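Feature annotations, courtesy of TrEMBL:
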ACT_SITE  Lys80  active site, proton donor/acceptor
BINDING   Gly177, Val178, Gly179, His180, Val181, Gly182  NAD(+) binding site
Amino acid sequence: MSLFDQPAFDAHEQVVFCHDQLTGLKAIIAIHDTRLGPATGGCRMWDYATEAEAINDVLRLAKGMTYKNAMANLPMGGGKAVIIGNSKRDKTPELMHAFGRHIERLGGRYVSAEDVGISPQDMAEAATQTAHIAGLEGKSGDPSPYTAYGTFLGIQAALKHQTGHESLAGKRVAVQGVGHVGYHLCRHLHQAGARLIVTDINQDALSRAAQEFSATVVESDSIYDQDVDIYAPCALGATINDNTLSRLKASIIAGAANNQLATEAHDLILKQRGILYAPDYVINAGGIINVSYENAYDASASKQQVEGIYQTLTDVFDTANNQDLPTGKVAASFAQQRLNAA
């Protein structure tokens, strides 16, 4: 299938296939839209089953970054990178150096940061070859705590909209994925009095969540069947799909994962089922907001801007309610308005 015929292709400006024979690097960089500024988004390392799967993922993720940066009112466009491989087996400093050299060849059109399978330390290796890296130690640092904080505030905003109050005391929350972001989100939720049900493919991460937050651990697939108030997807995307949607008992979906809906059609289905959905690229923007302060870091200003996620989501919820529209459609409309005004 031609790249231009891919279902996830949506007027992307540039897609770059990167290879380095010495290190075995196979990566794809997708630049979706640069009207607001350089395409900025993380690099994910994942053991994709096929190249087509990797292409689909990077195209969707890059578009999501365009909308995320627009909704967060950042001077950044949307882009993303994926490295094909097992992050525990295939990743080396030399591979990250090769990736950095490919970023450098783009001349600043794409700025990268860490994502699933990539750490700030890995990005530091890439940064030895290019200046177009964000989220480095000594600057804005690991964006995960800020992503989690913004997601927590978004959950509060969803509760406030649906119930009239934002208290999480006694609320049951199913957190899917307790890695970097999910762990910090669980900490906020636990401190707020929520009862946690968690799952992850990493047993050490699950044990930590159970010990520190008194979380109940369940098998990966059974997370959808839990009797909870809130479902918080914090792992990979497309977990809200035809196979899982009918199983969900939560009345709110609010989590940190990217591309949570398998298709745009699921946005309308959630509305029809009375489930309040916090659009992923709005609620999980805390990390990229923090990254935006990379070159003149101001922790206080970053935190204050992340706290704006609460009001942004409230505006999305209120508009969706007033216009009888799905929340995802409203958020996309807001983002497009900013892009068209650029």
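Positions of Cβ are set from backbone N, Cα and C atoms, glycine also.
Here Val181 (NAD(+) binding site) comes close to Ser144, Thr147, Ala148, Thr151, Cys234, Ala256, Asn284, Gly287: these same-chain residues lie at least six apart in sequence, with C-beta atoms under 8 angstroms from its C-beta. Least packed by the Cβ count within 10 Å, out of the recorded positions Lys80, His180, is His180.
His180 (NAD(+) binding site) and the residue listed as 'active site, proton donor/acceptor' have their C-alpha atoms 19 Å apart, to the nearest angstrom. Within 10 Å of its Cβ, the residue among the binding-site residues Gly177, Gly179, Gly182 with the fewest other Cβ atoms is Gly179. The DSSP secondary structure for Gly182 (NAD(+) binding site) is helix. Close to the recorded NAD(+) site, the chain also has Ser144, Val175, Tyr183, His184, Leu185, Asp200, Ala205, Cys234, Ala235, Ala256: residues not among Gly177, Val178, Gly179, His180, Val181, Gly182 whose Cβ is within 8 Å of the site's Cβ mean position. The number of other CB atoms found within 10 A of the CB of Val178 (NAD(+) binding site), across every protein chain shown, is 28. Gly177 (NAD(+) binding site) sits 21 Å from Lys80 (active site, proton donor/acceptor), taking the Cα positions as reference.
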